[in-house]
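Colleague: First, the structure itself, so that you have it in front of you.
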Amino acid sequence: MAKKLSIFIAISLVLSLCDAFNLDNPSSRRILVLLDDFAIKSSHSLFFNSLQSRGFDLDFKLADDPKNALQRYGQYLYDGLILFSPSVQRFGGSIDAAAILDFIDSGHDLILAADTSASDLIREIATECGVDYDEDQSSMVIDHTSYAVSETEGDHTLIAADDFIKSEVILGSKKIEAPVLFQGIGHSLNPANSLVLKVLSASPAAYSANPNSKLAQPPSLTGSSISLVSVLQARNNARVMISGSLSMFSNRFFRSSAQKAGSSTKHQKSGNEQFFTELSKWIFHERGHLKAVNVRHHKSGEVEEPGMYRINDDLEYSVEIFEWSGTSWEPYVANDVQVQFYMMSPYVLKTLSTDGKGLYSTAFKVPDVYGVFQFKVEYQRLGYTTLSLSKQIPVRPFRHNEYERFITAAFPYYGASFSM
Amino acid sequence: IRNGGKSDSVNGHKSGSNQSPSLKSDLISPTMFNLKTLKLKTKQQELLIRVTILCLVYVLAFITRLFSVLRYESMIHEFDPCFNYRTTLFLTQKGFYGFWNWFDSESWYPLGRIIGDTLYPGLMVTAALMYWTLRFLRFAVHIREVCVLGAPFFASNTTLVAYFFGKEIGDLGFRGRPCGSCTDSDLPWLHLEIRSYDNEGVAIFALLLTFYLFVKAVNTGSLAWALASAFGYFYMVSAWGGYVFIINLVPLYVMVLLITGRYSMRLYVAYNCMYVLGMLLAMQIRFVGFQHVQSGEHMAAMGVFFLLQVFYFLDWVKHMLSDTKLFQAFLRITVTTAVVVGVVALGALQLGISHHGRAASTLLLDPTYAKDHIPIIASVSEHQPTAWSSFMFDFHSLLFLFPAGLYFCFKRLSDATIFLVMYGLTSMYFAGVMVRLILVATPAVCLISAIAVSATIKNLTRLVRAKNKVPSTGSSKGASSTKSSSKASLDQSLPFQRNGAIALLVGAFYLLSKYATHCTWVTSEAYSSPSIVLAARGAYGNRVIFYDYREAYFWLRQNTPPDAKVMSWWDYGYQITAMGNRTVIVDNNTWNNTHIATVGRAMSSYEDEAYEIMRSLDVDYVLVVFGGVTGYSSDDINKFLWMVRIGGGVFPVIKEPDYLVNGEYRVDKGAAPKMLNCLMYKLSYYRFGELMTEYGKPPGYDRARGVEIGNKDVKLEYLEEVFTTSNWIVRIYKVKPPNNRW
């Protein structure tokens, strides 16, 4: 009995290792927060409170705490990581840049906030995620047109940005009215990286330079190519947020009023709180997480899944797709899910029809080509996790006795053979 | 044993010419004395000796092929036999119809291959029948044993057929004389097809059987023999693509007979029956199907068939019309109409049927064709033109006995010898064009040489005997041979003739025994070394055996997911599927040139470009064969230029000059930059730069090519090494999934 139990535990352990996301609940639960000093815990308490109120279990540690560890005995202790330690030169304990990247590559989430003082370590992690901070250590994003109007006139490093990514999945269905206040270092996206996205970009008039010195040469980063907040959804659906400003998350920015220069409307509250609440929901998989289950295919009129099809068979294919709502799996409804019957190139491309309860299905005829085919569903939509299903199935030609017995073209021969 | 065979030929001669057995004492043979004491009649003696010799030769032919089985173990050694073994296994498990309709999804991923449509099932069916028979007889054999020992068994059968064939040809002038020496001398080609379990083993048997039966049919004019030869042909078609040789040689032979005015009713019956039935039967093989009536290679047979009808018809008309003038007028009209109809029909054929002449057969007519047009055919070493040395190596003394045999054939021209001459000449030509066709030529060479040997020995012994009993020669022989008696009378004028004849006889025996020794040596050394297990001599002269291939395939079988796809050059495809049990992209059945070219392109591209190709083919593992550590020279780097050529033949982005420096192929520092960075180079030499292979040489010294490699710092970005065998012969790499964050 004990043996059985231990085997069971071992199996479940292995399963939990294989599956970065808990299938029942993909949201991150346990989050490690690494800070430069504990003052940030109180100065950014609004952001942390909003996470805790949503049920997250935050574990605050100093970045250079020698007891820091992401995993023990090969198993990760946390589902998510928040790095609010822009100036850290070296993490304590067993954490280093490679460990953090492994953490992402095994399917966990990360929020990274840098600052003007961003250390090489933080920059390296960002670079590995497709984001390049401005190389000039002291540079900040400056915008002389869409700065936030404040008491101290002339400080154009406090930016009121409202150029959001147009995605309800990432930023929630409620439109963010107030501009988001930003003060910090800008970054650009690596064009070679196809997965990283700008969530909040600077205005076309922005540029990145040292505000305290005269511009000696044209700034390296200008205009809307400057990203203020970016996200990366890795191929294994781990999500990463990278921001160039730690103060964006602070209580001060959350509470302060915001007025964009040149705009008459003064918002009582900046958009930061809404922006980060919604974005953190996305980052920690409370939204936009899909799963596909019960991939089935069979010949029309049959139930059993065959090991091989024959050319010109009629078949039915179905898959169930659900979306995680934060608390439960809800049917995902869309009209653009397609299945390919694929061998080097798609021979059949069919849009699946849904019954509104998560079941997607279609029926088609196997093409008149034999080979090893795949049922492929490649569903990539902005903000949603990638669904990439493929199921291999060979298609054979007719057997020797499956051809038509009598064909009209052969009647002369039948006649000839009978006349003999 | 060989000596026994020789004495048989002499014996045969004696009994044939009804001479007294006095000469036996001259020719060492202890059995002969025993026979004397048994007091058998000459005929019975002859029969006994003949049967004994045949049995011995049968056993000998079997056991000479067991070198590799004894030396290594009972297993499938070569590339193609791996496939044959796999299909036979499938046949015994799933039954004939399962086999016939087998769609193999494990090779040629993702295209798959219809096995039943693309192979000659003769070998597999034969092996399966043998297996089922043995099982029925309660012999608990494994199918592998049947496959391994099936080839020697068929070789033995072939010697039997060769004996009968020789007898049939010798029937007219030589009366069974060649048999002994012929069976003796066809050792070499038995050796040639030692290559374990391959189509050719059965096919040569079927080929010779068909020829034998056909010659028999022509000699007798019997419908039964013609029918038998049609079935022999069917068996041949089911076994090997070389049946095209039969279907062209036989009409050619008929044509020659027609031209030389040897048309007879016997020929008419034999050919018509054989062609019509043989064609209908051959069309039952799916791989052949309608090609047999459509493709250009089979047209000659059909043309000759119609020609024979015309001959027969003309004979009949001539018979009906007694007047010669009338006949000539008739001839003129019919010929004109026939020509017109023929031209129209030919035009229609040209329009209607596209001639897909198969490349390998085109190659036979124009040996340079493939080199210019189809690199994939030219890349196969079996398709290379034969070197002179390999003729010497395989045929040894037969090479100069062959012309002598031709001379004797011409001397006693008959339908059968004409056939043999035709067979010998054409097959010699083909053997010169393609190495593997030496196989087809060997039986002919053996038979013709046997005729030379037996004719020479016959003449010599006649001289010896004539001297022995001068007075009796003339009287006892009488009408049977006036020639020899005249010779005998001539002999008297030459005093040292008898001694000379004996010296020549001894010389001939010496030559033949040398030849037999050579054959055994060739079999043991050259044709019994399997390619799956490599053997080499160690530093102290001991035999070192590299099990690297088996090690690698075993690793694949044990450590990769069952649906993993392995990319390698096509040479190893059959072995990976049969021994590694994994899906391959291309294999030795080179039916799809584009697919092979895609693999060739991947191997000769830079790593990132290759990665795209490999992703599109769902490749999980890449397997390369590398001989730099062991000095194994037929590795992938040495085959690499063919990959470039085949890849470049379909994808012009791959250009051969990019891999060469001044037309020279090299892997050291002076190599072309593209060569140093292409996938094949990287995979072969990954981590090789750190390795000391030979004392006194720098690290990274390639022993197969004898140079220090040019790129010692190979970094792989998209692949990772997962397994390298103990002697580095096989290296397996895993294709990494795309970068998670990029």
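Even glycines carry a Cβ here, placed using N, Cα and C.
Annotations in TrEMBL come from automatic prediction, not curation.
Pulled these from TrEMBL:
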- B:1-25: region 'Disordered' (REGION)
- B:1-23: compositional bias 'Polar residues' (COMPBIAS)
- B:47-67: transmembrane segment (TRANSMEM)
- B:50-170: domain 'Oligosaccharyl transferase STT3 N-terminal' (DOMAIN)
- B:114-134: transmembrane segment (TRANSMEM)
- B:196-448: domain 'Oligosaccharyl transferase STT3 N-terminal' (DOMAIN)
- B:202-228: transmembrane segment (TRANSMEM)
- B:240-260: transmembrane segment (TRANSMEM)
- B:267-287: transmembrane segment (TRANSMEM)
- B:299-317: transmembrane segment (TRANSMEM)
- B:329-353: transmembrane segment (TRANSMEM)
- B:391-409: transmembrane segment (TRANSMEM)
- B:416-432: transmembrane segment (TRANSMEM)
- B:565-623: domain 'STT3/PglB/AglB core' (DOMAIN)
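Can you tell me where each of these features sits in the structure?
Modeller: Beyond the ends of the transmembrane segment (B:114-134), by six or more residues, the same chain brings 84, 87-88, 90-92, 96, 99-104, 141, 143, 146-147, 150, 153-154, 197-199, 201-203, 206, 235-241, 285-287, 589, 591 to within a C-beta distance below 8 angstroms of the stretch.
Counting only same-chain residues 6+ beyond the ends of the transmembrane segment (B:240-260), those with a CB under 8 A from a CB of the stretch are 120, 122, 199-200, 202-203, 206-207, 210-211, 214, 233, 267, 271, 274-275, 278, 282, 288, 292, 297-298, 300-301, 303-305, 307-308, 311, 360-361, 415, 418-419, 422-423, 426-427, 430, 437, 440.
Packing against the transmembrane segment (B:267-287) from elsewhere in the chain are residues 100, 116-121, 214, 217-218, 221-223, 225-227, 229-231, 233-234, 237-238, 243, 247, 250-251, 254, 257, 293, 301, 304-305, 308, 311-312, 415: each is 6 or more residues past its ends and has a CB under 8 Å from a CB in it.
Within the chain carrying the transmembrane segment (B:391-409), a Cβ under 8 angstroms from the stretch's Cβ atoms is held by residues 185, 188-189, 192, 417-418, 420-421, 424-425, 428, 431-432, 438, 442, 445-453, 455-456, 511-512, 514-515, 518-519, 522, 526, all 6 or more beyond its ends.
Residues of the same chain lying 6 or more positions beyond the ends of the transmembrane segment (B:416-432) and with a Cβ under 8 Å from any Cβ of it are 168-169, 171-172, 211, 214-215, 218-219, 245, 249, 252-253, 256-257, 260, 262, 364, 385-386, 391, 402, 405-406, 409-410, 438, 440-441, 444-445, 447-448, 451.
Averaged across the domain 'STT3/PglB/AglB core' (B:565-623), pLDDT for the predicted model comes to 91.
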Colleague: Reported in the order helix, strand, coil, what are the DSSP residue counts of the domain 'STT3/PglB/AglB core' (B:565-623)?
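Modeller: Going through the domain 'STT3/PglB/AglB core' (B:565-623) residue by residue, I get 33 helix, 9 strand, 17 coil.
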Colleague: Counting by DSSP, what is the helix, strand and coil composition of the domain 'Oligosaccharyl transferase STT3 N-terminal' (B:50-170)?
Modeller: 85 helix, 4 strand, 32 coil
